[in-house]
6 protein chains.
Amino acid sequence: MAKMVLLCVLVSFLLMPLASLALTQDFCVADLTCSDTPAGYPCKSSVTANDFYFHGLAGQGKINPLIKAAVTPAFVGQFPGVNGLGISAARLDIEVGGVVPLHTHPAGSELLFVTQGTVAAGFISSGSNTVYTKTLYAGDIMVFPQGLLHYQYNAGTGAAVGLVAFSSPNPGLQITDFALFANNLPSAVVEKVTFLDDAQVKKLKSVLGGSG
Amino acid sequence: MAKMVLLCVLVSFLLMPLASLALTQDFCVADLTCSDTPAGYPCKSSVTANDFYFHGLAGQGKINPLIKAAVTPAFVGQFPGVNGLGISAARLDIEVGGVVPLHTHPAGSELLFVTQGTVAAGFISSGSNTVYTKTLYAGDIMVFPQGLLHYQYNAGTGAAVGLVAFSSPNPGLQITDFALFANNLPSAVVEKVTFLDDAQVKKLKSVLGGSG
Amino acid sequence: MAKMVLLCVLVSFLLMPLASLALTQDFCVADLTCSDTPAGYPCKSSVTANDFYFHGLAGQGKINPLIKAAVTPAFVGQFPGVNGLGISAARLDIEVGGVVPLHTHPAGSELLFVTQGTVAAGFISSGSNTVYTKTLYAGDIMVFPQGLLHYQYNAGTGAAVGLVAFSSPNPGLQITDFALFANNLPSAVVEKVTFLDDAQVKKLKSVLGGSG
Amino acid sequence: MAKMVLLCVLVSFLLMPLASLALTQDFCVADLTCSDTPAGYPCKSSVTANDFYFHGLAGQGKINPLIKAAVTPAFVGQFPGVNGLGISAARLDIEVGGVVPLHTHPAGSELLFVTQGTVAAGFISSGSNTVYTKTLYAGDIMVFPQGLLHYQYNAGTGAAVGLVAFSSPNPGLQITDFALFANNLPSAVVEKVTFLDDAQVKKLKSVLGGSG
Amino acid sequence: MAKMVLLCVLVSFLLMPLASLALTQDFCVADLTCSDTPAGYPCKSSVTANDFYFHGLAGQGKINPLIKAAVTPAFVGQFPGVNGLGISAARLDIEVGGVVPLHTHPAGSELLFVTQGTVAAGFISSGSNTVYTKTLYAGDIMVFPQGLLHYQYNAGTGAAVGLVAFSSPNPGLQITDFALFANNLPSAVVEKVTFLDDAQVKKLKSVLGGSG
Amino acid sequence: MAKMVLLCVLVSFLLMPLASLALTQDFCVADLTCSDTPAGYPCKSSVTANDFYFHGLAGQGKINPLIKAAVTPAFVGQFPGVNGLGISAARLDIEVGGVVPLHTHPAGSELLFVTQGTVAAGFISSGSNTVYTKTLYAGDIMVFPQGLLHYQYNAGTGAAVGLVAFSSPNPGLQITDFALFANNLPSAVVEKVTFLDDAQVKKLKSVLGGSG
């Protein structure tokens with residue numbers, strides 16, 4: 001293993017002709033074998049057109065039966081070409097009755113293009129707790145400001161599909177239910193900081209695989 | 001009223017000697033009578049030392065009986081001198097048994113100095129839903145990364161006090177419970193996007209003054 | 001007219017309750033009646049869900065017969081809700097034989113989702129003048145780094161449609177041909193700075209409506 | 001006066017055809033009659049080539065006899081075309097024996113091109129207080145990192161001239177001597193915070209026109 | 001030694017499961033064994049709650065007898081959890097008669113909470129050299145804009161304590177006296193660029209350990 | 001080779017005393033032997049005054065006979081001291097009849113100081129395709145906004161020289177002719193995306209060394 005890592009470092013240097021190192025930085029395709037930095041991953045040395053191309057949103061994502069929906073990311077981890085470019089993508093597949101539960105993207109705003117079906121979407125402002133909701137049909141777009149709680153659910157009679165863009169290569173995705181119930185945060189703490197009832201917390205911890 | 005607004009605009013110009021307008025921009029104290037911009041408020045024309053000073057965190061904040069705690073902000077709206085400076089402040093007062101419920105700051109990271117008492121604090125990462133918790137005593141500090149769900153509660157036997165700094169003049173504060181239960185977001189939608197039970201949602205809507 | 005403008009300023013102030021002015025800045029919907037700033041437009045005071053919604057990309061754009069294609073923007077000027085959020089959108093309709101000619105976006109990177117048909121796309125790096133090209137089918141995405149020359153054309157046998165996201169609310173669009181031939185830049189200067197022949201320059205100036 | 005200001009606002013609106021307001025933001029020439037914002041001045045509505053041109057650095061600046069040097073700025077206040085573009089300029093004229101005294105630019109890094117004569121220049125790092133000095137001849141360039149104390153003086157036998165660029169449209173200029181001795185900061189405070197002797201402080205306050 | 005470094009690199013890779021590398025970047029705790037970058041340190045691979053916690057400001061700092069004060073930093077170098085988060089902290093302990101001498105933070109604005117005693121504080125604007133001063137009591141806060149000269153001294157009859165936040169994980173600290181007198185910058189140069197007398201310069205160089 | 005790279009990594013660590021690693025980041029001189037990141041190169045560990053100094057613009061650049069001009073860069077690749085400082089430089093030498101052909105800087109605005117001769121310069125806005133031109137004489141400066149097409153040519157009777165600053169350490173340089181004709185982009189594609197005639201494209205491909 002140690003040998004593999006050394007190799008990685010060496011290859012990275014060998015592929016990068018020193019003379020051209022600093023000519024320009026039109027782009028910086030992520031080298032995911034290196035540590036991330038606050039501004040994104042170090043740049044890969046050898047780049048082709050394929051680095052700027054992503055096929056993984058072409059088909060339906062893997063539906064999570066719990067939410068009858070799939071969120072398929074094309075963030076920097078899946079699509080290294082977006083590193084440093086201030087943008088990334090995802091695909092939503094929402095079956096009839098499905099929902100992308102209440103969540104935030106801590107590091108980016110979201111732009112949703114509905115390409116099929118009918119989606120009810122909303123976000124909630126901080127401070128005043130105002131709710132902004134729309135029913136979106138194929139062709140409609142909606143923007144969700146960075147860091148605010150929002151949701152989408154299928155409001156139609158057939159499957160819904162959305163293409164999503166983010167204002168960051170790595171926007172993050174924090175689903176409130178998963179943050180509360182899919183880990184080992186003790187039930188007593190969850191109850192204290194949310195005012196939810198003990199039975200409710202334990203029920204959802206059980207559904208989502210949490211402990212404590 | 002219309003007259004008052006005109007007056008405001010004129011005074012703003014009269015107080016700002018044209019010759020010195022563009023000499024420098026060491027700071028930009030917010031003119032809260034103007035519209036905000038994505039980078040903060042337009043600069044006030046006449047500035048004194050008092051604009052960089054704030055007394056409002058010196059005493060205990062007004063305790064909200066529901067949470068037995070007070071969050072007193074010194075954001076740009078209360079403390080215009082921080083406009084454009086990438087920083088702001090707040091004070092937490094948490095009584096015995098009190099809690100600052102689960103919340104996020106959509107636009108800033110938080111640094112908490114505990115100055116009195118004992119505070120249990122935690123945040124949850126996105127993606128992996130990992131919980132990071134600490135018990136903090138007077139003199140301890142903890143940092144909460146931007147946009148992530150976190151909480152603080154009194155874990156001691158006396159009142160706790162914290163001084164808080166943010167990496168933005170206007171970090172926002174979105175309390176999850178208030179976003180879900182203190183507005184007119186219909187119960188059916190809350191239930192759909194959180195998987196909470198109807199009785200639970202209605203109970204908390206009632207406590208927090210929500211409708212629908 | 002003067003009266004109308006005054007009215008605009010006054011209404012803007014009247015609609016904005018002073019008390020809530022600085023509570024938060026979750027978003028900053030553009031007030032397009034005010035002057036832009038380097039960070040975007042001042043914030044509109046009264047906001048509804050419709051400000052975050054845009055319908056204008058739902059149908060085919062108006063095809064320009066010269067290029068057999070349409071570029072329909074949803075930049076801040078058309079979709080004020082994206083102001084300050086670091087993102088915007090557009091729709092490409094490219095008929096058989098159509099082309100989005102060589103162009104740059106001076107202020108943003110572009111992410112293209114092909115939703116129908118077949119699109120040949122490419123961009124050229126600076127410095128080394130390397131060409132990166134891909135043929136994209138429905139479902140494919142490609143990213144074009146900020147400021148680099150790129151193009152898209154229909155490479156299939158039916159109409160092609162693309163949804164585009166940008167990493168800026170106002171990315172700009174500079175079509176090289178229009179910059180050279182659709183204005184009054186003298187032919188002699190165009191020839192000097194491009195090495196194009198006089199006949200070629202005059203032919204294209206004539207096609208694109210330029211003078212000089 | 002009030003009438004003049006109103007006129008300014010109205011003219012600004014009248015000159016800006018509403019339809020083209022949000023088409024693009026290639027640039028944002030400063031409207032210096034409006035209040036500054038943290039990101040720079042609002043954009044002027046009617047722009048010509050002259051807004052991007054500045055003649056004021058073509059001749060020798062007005063020599064300050066105290067320092068036998070002139071610093072002539074082309075910051076946003078003098079050259080509104082640089083607003084929002086992350087760059088500005090200045091010209092240094094340093095007579096034999098002259099000096100640009102110890103100073104910082106709080107908001108930008110500096111790049112100095114020496115175009116005539118010989119200049120001794122240096123800056124001091126924070127923390128370790130390391131001194132970095134060079135003697136610069138015509139054609140040499142040196143960069144001074146943002147916010148660090150630095151100086152330039154004539155180290156030759158004829159007048160020296162430098163052209164300077166900054167990484168900000170409004171970098172500021174804080175000359176340490178002027179900050180300490182050219183205002184009403186009481187001598188006792190200056191002495192307390194600098195450990196300078198009372199006689200020294202009073203001597204320089206007298207030279208530089210300070211009081212207290 | 002070489003072996004140790006290799007080990008560090010390898011361990012860093014071994015601890016970071018490749019699969020989870022790019023899932024999210026909620027935070028980026030500094031790996032201080034790697035080189036810094038303009039945006040901060042590369043991210044540490046294995047993180048616990050302790051990385052976001054700092055105890056080092058809980059007690060009085062080590063008083064420097066020269067200034068009868070202590071400045072204890074919790075910058076990224078001491079508190080790696082703040083890396084990339086746009087914030088850091090420090091603690092000031094100022095004995096009776098003590099002073100934090102004239103200084104700047106080249107890379108951040110400062111927010112001071114006085115928690116004990118009485119502090120006289122001031123900063124000086126660039127350009128106009130205006131002095132902004134306040135006397136601060138326990139509970140008061142004051143903000144000092146980035147890059148401007150400022151100072152704090154004990155103005156009371158007992159020890160004073162301040163908690164400080166900065167708008168950067170690594171704001172820097174340039175104390176004017178140390179920059180001038182605590183290094184090998186020749187006295188003749190100091191005198192030339194500050195107009196201080198030779199005796200004064202030599203006296204302070206002697207006190208502060210400078211040479212030349 | 002592999003040994004050389006290992007050595008580089010080790011030396012870099014050995015030279016950097018661990019204790020001082022995180023004291024400050026006043027600057028970050030590029031270590032060009034490491035991979036770039038989206039925010040610039042990792043910082044070199046051992047720095048001297050020479051890192052902030054550049055002599056390479058002192059003499060005339062190597063004239064390209066095709067354009068009778070030379071563009072000599074002092075970007076981060078040539079002048080590592082500018083890394084992370086938001087600024088860089090270049091020198092233009094334009095012989096009689098020479099031209100810096102139509103080009104953009106994808107990642108920075110440009111400020112041109114003409115120091116000798118007469119230069120005709122212009123840029124073209126996006127959207128409206130408006131041309132902004134000036135004839136510049138020694139001492140004049142002009143600013144070219146980021147990403148917009150611009151050109152400079154000698155409009156006088158002797159050689160012209162310009163010193164150029166950029167708002168980025170690595171602004172890039174995309175010459176339209178080179179992007180179109182100096183690579184393997186097929187002629188048919190060039191024609192399709194530019195509407196240039198086949199003969200014209202082939203003629204310029206031949207002149208500039210392109211193929212296809």
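Think of each number as a place in line: the chain as shown, counted from 1.
The backbone N, Cα and C atoms fix where each Cβ goes, glycine too.
Computed from a predicted structure; not experimentally measured.
For C:Cys28, the partner cysteine in a disulfide bond according to TrEMBL, taken from C:Cys8, C:Cys43, is C:Cys43.
A 10 Å cutoff on Cβ-Cβ distances gives C:His105 (Mn(2+) binding site) a total of 27 other Cβ atoms nearby, all chains included. On a Cα basis, C:Cys28 (disulfide bond) lies 23 Å away from C:Glu110 (Mn(2+) binding site). Within the model, the domain 'Cupin type-1' (C:55-202) shows a mean pLDDT value of 98, rounded to a whole number. According to DSSP, C:Cys28 (disulfide bond) is assigned to coil rather than to any helix or strand. Between the CA atoms of C:His105 (Mn(2+) binding site) and C:Cys28 (disulfide bond) there is a gap of 23 Å, rounded to the nearest whole number.
Those same-chain residues not listed among C:His103, C:His105, C:Glu110, C:His150 yet with C-beta within 8 angstroms of the centroid of the Mn(2+) site C-beta atoms are C:Thr104, C:Phe123, C:Phe144, C:Leu148, C:Leu149, C:Pro171, C:Leu173. Note: C:Cys43 (disulfide bond) has non-local neighbours C:Gln25, C:Phe27, C:Cys28, C:Val29, C:Ala30, C:Asp31, C:Asn83, C:Gly84, i.e. same-chain residues 6+ apart with C-beta under 8 A of its own C-beta. Checking the recorded positions C:Cys28, C:His103, C:His105, C:Glu110, C:His150 against chain B with a Cβ-Cβ cut-off under 8 Å leaves C:Cys28, in sequence order. Annotation note: C:His103 (Mn(2+) binding site) sits in a strand segment as assigned by DSSP. Per-class residue totals from DSSP over the domain 'Cupin type-1' (C:55-202), listed helix then strand then coil: 22 helix, 59 strand, 67 coil. Residues within less than 8 Å, Cβ to Cβ, of C:His103 (Mn(2+) binding site) and separated from it by at least 6 positions along the same chain comprise C:Leu149, C:His150, C:Tyr151, C:Leu173, C:Gln174, C:Ile175, C:Thr176.
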